[in-house]
Structure formats: structure tokens, C-alpha cells
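Asks: Sharing the record's features from TrEMBL:
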| type | residues | note |
| --- | --- | --- |
| TRANSMEM | 67-87 | transmembrane segment |
| TRANSMEM | 108-128 | transmembrane segment |
| TRANSMEM | 134-156 | transmembrane segment |
| TRANSMEM | 176-195 | transmembrane segment |
| TRANSMEM | 222-242 | transmembrane segment |
| TRANSMEM | 348-368 | transmembrane segment |
| TRANSMEM | 374-392 | transmembrane segment |
| TRANSMEM | 404-433 | transmembrane segment |
Amino acid sequence: MEQNPDPESGHRRPISSPLHVVQKVKQNLIFRSKWAELNGAMGDLGTYIPIVLALTLAKNLDLGTTLIFTGIYNFVTGAIYGVPMPVQPMKSIAAVAISNPSFGIPEVMAAGICTAGILFLLGVTGLMQLVYKLIPISVVRGIQLAQGLSFAMSAVKYIRNVQNFAKSKSAGERHWLGLDGLLLALVCACFIIIVNGSGDDDDDDDRRATSTTTRRRKLRKLIASLPSAVMIFLLGVVLAIIRGPKAVKGFKFGPSSIDVIKISKHAWKEGFIKGTIPQLPLSILNSVIAVCKLSTDLFPDKDVSATSVSITVGLMNLIGCWFGAMPCCHGAGGLAGQYKFGGRTGGCVALLGVAKLVLGLVLGSSLVKILDQFPVGVLGVLLLFAGIELAMCSRDMNSKEEAFVMLICTAVSLVGSSAALGFLCGIVVHLLLRLRTLGDGQSLSSFWFAQNS
């Protein structure tokens, strides 16, 4: 077989034939466990549904078109990477759109296209891979911890308070009883804890096990095999139909019409200044750098490079945004959430992609009537465990120095509500700590990488 040199390692590697590519795609889409992969697919919905629903209600985002394109994104990224790579809305752009009345759909799409173009260029030029190698692991963990805690705090807000997604505001405390009551959310949270535990796989064999402990272990494995996220999501769908029966009667079957979005010069300017500039640091740090690091931690046998992730995020939006699909990216929180609930292969997100595609083609934008009645407290529970799973990735700091940098980065990111500001402070603190050891027989060229090697 003909070979090409690997630009990063210098070794020669086989050129992929079409047959080899097909075999790799099939391998990436294999289900480790059908129920586990289906359950994992639900792990990202606590982030996806609230943001898309808010933009649909507040800005008339075409939900049908967004479902179709994000479904395709899910399937393709699952086939490429072989891991439960999430597809999430770009949160900063969404936040600007919801809070700013003059920031409409053309501005949202312009912001997504500009962000995508920059990420694509960083990917194809190899600059993103260079950035990935230079950023200290303690800073990456700080960003992950901040994002995880941010998700968890948003989840608690969803659980405790009634939400008005159209205005991105809370509307008073949630009642204990009811179809979207606080008691329902607490029961769902307890159910997930009983079924999934802390998220560790209990596969240790106890050779000294008695018949009693064997029965207990079988019972524990039976409980752990329950698709908790699927069951809770289906419960939410049933409750949504009960809460809004007229929404089902008003269904219009068939996809939404897909049109090219007309973007004026003013929309390009507003989109770049108000949307792209705040979104870009978050996309680079959380959608590329943190995702690649988390993928390496969870799936060390899979090749998920910063270059490829940056390119796929760019291509998704350079295509979809022109037709009105919500600007999307990958996210460490979504990956952690899907892993938490059992997602282990690309088949997890491919299955979710097929479901989105079918819903987009069959129901189109009329699906928003059901989503508007979906119990928000239930979504908050799913988001809570996704955030905790992401935050727990930061527990591998081996020294007080690494933990110090991580916590500085996290604190600034949370208090300042800016991942970019937290990242900058983390880099400065890391640099200052390395400078303290510069005189200990260490060369200037190697001191930065001492903590990263």
C-alpha cells in the first residue's frame, strides 16, 4: 500500500483507500450497546433544547431547518470521529440575539459565518493545532471546570425557577407540585443518581463473591442498564403533550421551506462586532481545545485533533448558516453529558442526528409548540449532570501549582462571565509560576513546556 509521511510524527502512514474509509466509518458508527448509546444521545438535550427554543420564540429561528442541518452535522461528525461528538448552539451569539432586540436572524447568521470562517482558517493553516499544544493543561482544566460549573448553576436555575426562554429571564419560583413542579425535577435527579451513580463503570470482578453479593451485583447491573436519560426525556414528552394538547392538534406535517438568508452590509457589521468577537474565544477554548483534550482523556484510542475539529466546526456553519440554521459548534459539556449517560461511539450522535432529521422533515417548525410545553425542570436535571461530569474532568491535577492555575482560571471565568478573561489570567499566572523556576538550571526555551510534557 502506498504511504505518505505523517506531518506531525514524521512516520509514514498508509494512504486511505475508499474501502478503508468505508470500513472506518462503519466502525465509528457501531453501537457498543444500543440502549447505552441511545441513552447517551439524550445527554446533550439539556443544552440544545433551551437555546434553540429561546431563539425560535424570541427571533423566529426556523426550527425545522435547524433540526435538519444539525441532524446532518450529528451524523457526519459521529461517522468522522467515532466518539459522541456533540453539536451545540453557539451560546454567546444566542445570548446576544436574545438580549438585543435589533440583533435579528441575519445578524445571527452573519456572526456564525464569520466565526466559522476564522475557525476554518485556523484549522487548515495548522495554527489551531499549535495553539492546542501551547496551552497548559491546567488552563484547559480551568476552562472545563468553569464551563461545567456554569452549566450546573444554569441547571439549578432551571430547576428552581420558572423560565421565560423568549425573554431569557426567570419568572418566579417554581411550585413544588404540578407537571413541571420542583418535586418532579427532584425525583428525576434521584432516579439518575440511583441508576448512573457517580458515572464510574462498576466492572471490577470480585472473585471472593458469595451468592448474596452476586445477586446484589446482578441487581445493581440491571438497574445500571436502565436508559435513565431516555426514560426521563420520554416522560417529559408525555407531560408536554398533557400540558399542551392543542399543540398536537396543530401539527403541520412536512418540512419547513429552506431559503437563503439575505444578509445586508449592516447585518455583517453588527454580526461580527456583537456576535463573532465575543463568540470566537469561547469557540476556540471550549469548542476546540477543551473538546480535544476531553476526547483524548475519554477515548485515548481515537484521533480527535484540534485541526480537524476546527475545520468541521467551520464547515458546518459556512454551509448551514446561509440557509438559516442556528450557528453550531462542538462543546466539552455536551461530550461529557453524552459520555455520562452511556455514549461511547459515533453511533450515539448519529442516532440523535437521524432523529433530528426525521423530526425536521416530518414536523418542521410546528414541533416548537411541543417543546414550549416541555418541563423545563426535567431539562435542568439533564443539564445538571452534564455540567457535573464536565467539571469532574478537572480532578486529575497532580500538583498544587497546577491546581492553583486551574482555580484562578475558573474563578475569573465564572465571576467575569468570560472564558477569554479566565484564559488570559490563567496563562499569566502559569507564566509567572514558571518564571520563578527559570533560574533552577532550566533553559528559556524549555521552561514553558515543563508542565505540558
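Numbers here mean position along the shown chain, with the first residue as 1.
Cβ atoms here come from the backbone N, Cα and C positions, even for glycine.
Are these features on the surface or tucked inside, and what touches them?
Replies: Sequence-distant neighbours of the transmembrane segment (176-195) (same chain, 6+ residues past either end, Cβ-Cβ under 8 Å): 159-160, 162, 223-224, 226, 228-229, 231-232, 235, 239, 242-243, 375-378, 380-381, 384-385.
When Cβ-Cβ distances below 8 Å are used as the criterion, the transmembrane segment (222-242) is approached by residues 35-36, 38-40, 42-43, 45, 179-180, 184, 188, 191-192, 194-197, 202, 248, 341-342, 370-371, 373-375, 378-379, 381-382 of the same chain, each at least six residues removed from its ends.
Only residues 6 or more beyond the boundaries of the transmembrane segment (348-368), in the same chain, are considered here, and those with a CB under 8 A from a CB of the stretch are 29, 31, 37-38, 40-41, 44, 53, 56-57, 62-68, 70-79, 84-87, 250-256, 338, 342.
Within the same chain, residues 42-47, 49-50, 144-145, 147-159, 162-163, 174, 179-182, 184-185, 188-189, 192, 196, 199, 229, 232-233, 235-237, 239-240, 243, 294, 332-337, 339-341 sit at least 6 positions outside the transmembrane segment (374-392) and bring their C-beta atoms closer than 8 Å to a C-beta of that stretch.
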Asks: With CB pairs under 8 Å as the measure, which of the listed stretches 67-87, 108-128, 404-433 comes out on top against the transmembrane segment (134-156)?
Replies: 404-433
